[in-house]
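What TrEMBL records for this protein:
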- 28-201: domain 'Era-type G' (DOMAIN)
- 36-43: region 'G1' (REGION)
- 36-43, 83-87, 146-149: GTP binding site (BINDING)
- 62-66: region 'G2' (REGION)
- 83-86: region 'G3' (REGION)
- 146-149: region 'G4' (REGION)
- 232-314: domain 'KH type-2' (DOMAIN)
Ligand SMILES: Nc1nc2c(ncn2[C@@H]2O[C@H](COP(=O)(O)OP(=O)(O)OP(=O)(O)O)[C@@H](O)[C@H]2O)c(=O)[nH]1
């Protein structure tokens, strides 16, 4: 088994495939995606690799709904990370659509990183995904054991062995098995080093300095949704969707004091959920507004006036028309 620890000094090489490292001067560019069950740490890892927040994260499963691309720039390579929703057994139409997005992504990328949290035993969710992965023969697969800061050396070693065995059992050849911690920034750069040789040779696909190609309106909506998800429980997280209707610079402002007006709607599925989202005397919604506005201002680099409304889109997760309207 080829496991990458901080002391590994082997050259970055892709498990004997045709992707071996080329001489200096060659440039590589391509797409990699992280897969794994909900909450495995895919979005956090994407952000750590890119060095800036491009994907929202939360401790609620199924946070990620959009395919966010983070772009890692290196002198010798450009690595475009596609962050997909967690694959899971679908229960709703939204669930089915999300799984379709995942599979389509897998077929298009140059490498797949399978994320398995170090602090949880391999379970049916991991197996479900690994079995699907086994069916995708051509794409190199890297097993990434995430959240290594949460476990001791013994538990980590056991997890690495379990991942290796899972691969053998299902006929998957891991190009690498890499333990990382995105929050403690352990081995994150090494992971990028190992992914780069798996990319095809070619020129950069995005201008230098671009960190994502997600439209600003979508990123803004995601930041609002992230703030709204904090502290909500049970079914509600899945019921929340945010759509930014309009982003316009306020007229009649002096050039040195611009203000961006953002109008956004936060959708829930049932009237009964309104109270939870808005909170007593509107306090929760106000907090969501303040928190997300700060993040949006940091993202866009301009002062923002955020006009946020809560609306009911009845059972939108099961309604094709509503799903389309909400961007799915
Ligand atoms: N301690 C620790 N926590 C982590 C690490 N990476 C992610 N987390 C936490 O794990 C939770 C889930 O992380 P995400 O990055 O949102 O997970 P995800 O796989 O993108 O989740 P979905 O969007 O639901 O598919 C968050 O609370 C993160 O802060 C890590 O390296 N160490």
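Quick reminder: no glycine exception, Cβ is built from N, Cα and C everywhere.
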Three-state composition of the region 'G4' (146-149), taking helix and strand from DSSP: 2 helix, 1 strand, 1 coil
Local confidence of the domain 'KH type-2' (232-314) - pLDDT mean: 87
Three-class DSSP secondary structure - residue 42 (GTP binding site): helix
For the domain 'KH type-2' (232-314), the number of residues DSSP places in helix, strand and coil: 33 helix, 27 strand, 23 coil
Other C-beta atoms that fall within 10 angstroms of the C-beta of residue 39 (GTP binding site): 22
Sequence-distant neighbours of residue 148 (GTP binding site) in its chain (C-beta under 8 A, six or more apart): 118, 156, 179, 180, 181, 184, 186, 187
